[in-house]
Amino acid sequence: MNTNDAKEYLARREIPQLFESLLNGLMCSKPEDPVEYLESCLQKVKELGGCDKVKWDTFVSQEKKTLPPLNGGQSRRSFLRNVMPENSNFPYRRYDRLPPIHQFSIESDTDLSETAELIEEYEVFDPTRPRPKIILVIGGPGSGKGTQSLKIAERYGFQYISVGELLRKKIHSTSSNRKWSLIAKIITTGELAPQETTITEIKQKLMQIPDEEGIVIDGFPRDVAQALSFEDQICTPDLVVFLACANQRLKERLLKRAEQQGRPDDNVKATQRRLMNFKQNAAPLVKYFQEKGLIMTFDADRDEDEVFYDISMAVDNKLFPNKEAAAGSSDLDPSMILDTGEIIDTGSDYEDQGDDQLNVFGEDTMGGFMEDLRKCKIIFIIGGPGSGKGTQCEKLVEKYGFTHLSTGELLREELASESERSKLIRDIMERGDLVPSGIVLELLKEAMVASLGDTRGFLIDGYPREVKQGEEFGRRIGDPQLVICMDCSADTMTNRLLQRSRSSLPVDDTTKTIAKRLEAYYRASIPVIAYYETKTQLHKINAEGTPEDVFLQLCTAIDSIF
């Protein structure tokens, strides 16, 4: 079954409406036993005649007291005996069937039912006309989404839509509407508004502005399900801007905003819940858009003008590119992708400018996830080409359940992805420049976050390549618990590389090339090793022996941090 089949099945069976109704019932009823409650709800769905009979409020009781069971005539008579006077002259009419009860629903309580149905039926954008460019701006609460979205809209002449503001205005204008009163309570507690309701409001707004060249949507989607719904019912966005900010900074900004603006969802309890929702949903959402090559990440823990400068560079490159096409993968010199064991001289002028010019992908990408990263065991493995790092990392992964990350491999994977970032990296390499440390660190962080919860720690080889990288890693993520130096002579490494050359014939494993690589390694690694020696994190391993002997030394060193 492919994605379209799955989507068609869910839509045909009314599954989204069923789940929305069940969730609304859970949030309103707050049952002690949610499993038993859901079983009773599903039984009611069968009695109603299927999912197509379920409304969003089917399981939302108008009163909180439980009605007695009505299982047949005997139960009805027992109920009537309990609540009616014994006097036979009491004037009441007996019905063979209870009169219809006016059940609250979106159709009966609002005047939007026909509009909502039309929105489901028709395309949002006229297929005969060019579709406006769509930019989605996402990030944690307090990350500056509204500020940056407005700046983007103003710079490019786009229309700005704040999903949060759409919902707040709707709640304010329909305060007597039971559905929106319920949504107001949901939002006030820090939970997400119902997905279909939010999508409907966005679609209504988009239909009102069909002639816009571009649209910036702030605060949507919040999770992968919303992203799928947006693509299914509206379109695939042209660009997703992710504003990453440290968790503590988000809290500070939200508390300050609560004092200044008094938004109902900025209360302390709701703030905690919103941050928790963001933490749970952000990584899968970012990964989803990364796989589609749509997202760019920005460090939002800076001055807003600095952040916007980086965003505007990215938007210019993505939506208004130069006419020259980027080189294809076949045009790229493979030698410009670093070997996983190679540490190179980073003295290029471009590298010195990297942090300023290439902050497009951010320096603090995962907000609250950084706290989880800092709790993980992080081990750097430093060693020259041919020192045996790759072999030993494989064995350590198997023994300890670590995740092995190689900066060279991460760069290769990124270049193969054909993302916007890969185009930028390719352009840099084609000019003969080195990939800036900011991009390498960003690739590392994304890979680490993707493995959170499934690993006991990280083995990182080929990094840091200079002291500045190590300092930046410590500042942005945290210092490693252990730095292992694979101490091996130049002669041993040369012999190993020559043997590998005879078996696999890599282009650069000639004697002359090997000598250059070793020279570059020693020149760059000596300051790095000295830096970690002063921090008492360095553990030197004699890598001259057999793989088994080296592995035993490594295990002894790693066991010391557990």
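Backbone N, Cα and C atoms are what each Cβ position is placed from, and that goes for glycine too.
Source: prediction; values computed, not measured.
Straight from Swiss-Prot, the features:
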type	residues	note
BINDING	Gly142, Ser143, Gly144, Lys145, Gly146, Thr147, Arg257	ATP 1 binding site
BINDING	Arg168, Glu191, Leu192, Ala193, Gly219, Phe220, Pro221, Arg222, Gln226, Arg263, Arg274	AMP 1 binding site
BINDING	Gly386, Ser387, Gly388, Lys389, Gly390, Thr391, Arg500, Gly545	ATP 2 binding site
BINDING	Thr407, Arg412, Asp433, Leu434, Val435, Gly462, Tyr463, Pro464, Arg465, Gln469, Arg517	AMP 2 binding site
REGION	133-316	region 'Adenylate kinase 1'
REGION	162-193	region 'NMP 1'
REGION	256-266	region 'LID 1'
REGION	377-559	region 'Adenylate kinase 2'
REGION	406-435	region 'NMP 2'
REGION	499-509	region 'LID 2'
Cβ neighbours of Gly386 (ATP 2 binding site) where a neighbour is any other Cβ within 10 Å: 27
Number of Cβ atoms other than its own within 10 Å, given for Gly388 (ATP 2 binding site): 23
By Cα-Cα distance, the member of binding-site residues Lys145, Thr391, Tyr463, Arg465, Arg500 nearest Gly219 (AMP 1 binding site): Lys145
Cβ-Cβ neighbours of Tyr463 (AMP 2 binding site) (radius 10 Å): 26
Listed in sequence order, residues not in Gly142, Ser143, Gly144, Lys145, Gly146, Thr147, Arg257 with Cβ within 8 Å of the centre of the ATP 1 site Cβ atoms: Gly139, Pro141, Gln148, Leu243, Arg253, Ala300
Pairwise CA distance, Tyr463 (AMP 2 binding site) versus Lys389 (ATP 2 binding site), rounded so that it is a whole Å: 12
The region 'NMP 2' (406-435), counted residue by residue under DSSP: helix, strand, coil: 22 helix, 1 strand, 7 coil
Local backbone state of Arg500 (ATP 2 binding site), from DSSP in three classes: helix
Lowest local Cβ density (other Cβ within 10 Å) among binding-site residues: Ser143, Thr147, Gln226, Ser387, Thr407: Thr147
Residues that sit under 8 angstroms from Val435 (AMP 2 binding site) by C-beta distance, when 6+ apart in the chain: Leu411, Ile425, Ile428, Met429
All-chain count of other Cβ atoms within 10 Å of Gly390 (ATP 2 binding site): 18
